[in-house]
Amino acid sequence: MPPMDKAAAARVLLTLTVAAGGAGAAVWAGMPAPALLGSTVAVTLAALARLPVRMPVALRNGAFAVIGCSLGTGVTPDFLSDAARWPVSLAVLCAVIVLTMVLSGRILERGFGQSRDTAILATSPGALSYALAISSAGVGDARAVMVLQSLRLLAMTLVLPSILGLLGGAGGAVWGSHHPTVMAYPVAILMLAAALAGGWGLDRLKAPAAFLLAGIAISGGLHGLGVVAGQFPPAFLMAGFTVTGAVIGTRFRALELRELARLALAALLTISLALTISASLALLVAWGLAMPFGQVWVAYAPGGVEAMAAMALSLGYDPTYVATHHVFRIVSLILVLPVVLRVFGSGRGRAEDA
């Protein structure tokens, strides 16, 4: 990639400054996925205000490698043994995923004119960062995927505890603090370097979201074998998600408020459908396996694994059961989404490169 001139460098610096400010504000406000959502909102507002926002491909690829390394940390040596404890429940979770994506995808395609690629990525439940990384790399409409996935995450985080509280759970409880082990910085740096090298190789092979997939494969393999343990350092994650949010925000330069309102309506319909599907099948599993309905619903609801596990703790449910289901869903989507896009995707609605 040729070196940037001073004007281009100034645009990138402006974009990073706006993104960092948005991420910091979101952390202060207590938003879910604050670095990602906060930076996206801030850069989106800057783009709509016609500020010269820009993010180079090299920074995007580095951010995707960081996110991939983070996603891979969920594959622990105990994951398979934990999953083997609840085969029926996990099988029904697969049905929840398929029904949610198929029915919600139909709504987006037929009711809102979205492409098949966009519908697949926007309705993949609980895979926000992965779906956004793929769409930001040029598959589907990154703006639509961002709006739909972000509103889903907000709804799951803010609405689900209240509903469970009305049903008899401790919906108003304060979420318990969670302090996971963090891997050492030298280990994280070596892992990131390997992910960047692997991403470069996969990119030459035209793999989708090459740097993200390389990070997932390397981190997941090392964690699954027990070679390394712990989450990726928070400082790296903050930077990776902030840059990714900036990449997404730059896509909103041509978005009109009318289109944003249409996407919000689409999000309302698809979120309501996802909640209905997950609640219905959770009720069936809870009855069949003699488990608390709320515990199964939190495990099936399409939210983030960290938020849902914390919610399970606060409501007195089994956090291992909930976390296992969410990690299983994420791993399944990581493996299946590229195949689904290749076999069933439309190839339309591809965004321009950053």
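Glycine residues also receive a Cβ, built from the backbone N, Cα and C atoms like all the rest.
Here TrEMBL flags 35-51 (among others) as transmembrane segment.
Positions annotated as transmembrane segment by TrEMBL: 86-108 (among others).
Per TrEMBL, the feature transmembrane segment maps to 153-176 (among others).
Residues 61-62, 64-66, 68-69, 73, 210-215, 217-219, 222, 228-234, 236 of the same chain lie 6+ residues outside the transmembrane segment (182-202) yet bring a C-beta within less than 8 angstroms of a C-beta in it. The feature transmembrane segment is assigned by TrEMBL to 182-202 (among others).
Residues or ranges marked as transmembrane segment in TrEMBL: 209-229 (among others).
Outside the transmembrane segment (235-252), and at least 6 residues removed from its termini, the chain residues within Cβ reach (under 8 Å) are 15-16, 18-20, 22-23, 33, 35-44, 46-48, 53-55, 59-60, 62-67, 69-70, 129, 132-133, 136, 142-143, 146, 188, 192, 351, 354. Feature annotation from TrEMBL assigns transmembrane segment to 235-252 (among others).
Residues or ranges marked as transmembrane segment by TrEMBL: 264-290 (among others).
Positions annotated as transmembrane segment by TrEMBL: 327-345 (among others).
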Do any residues of this chain, six or more beyond the ends of the transmembrane segment (327-345), have a C-beta under 8 angstroms from a C-beta of it, and if so which? 71, 74-75, 79, 83, 90, 93-94, 97, 116-117, 120-121, 124-127, 130-131, 134, 139, 207-209, 213, 216, 220, 305
Can you name the far-off residues of the same chain, 6+ from the ends of the transmembrane segment (264-290), with a Cβ under 8 Å from a Cβ of it? 88-89, 92, 95-96, 99-100, 103-104, 107-108, 111-112, 114, 122-123, 125, 147-148, 151-152, 155, 160, 296-297, 299-302
What parts of the chain pack near the transmembrane segment (86-108), using Cβ distances under 8 Å and only residues at least 6 beyond its ends? 114, 116, 118-120, 122-125, 148, 266, 269-270, 273-274, 277-278, 281, 284-285, 288-289, 291, 296, 299-300, 302, 321, 324-325, 328-329, 332-333
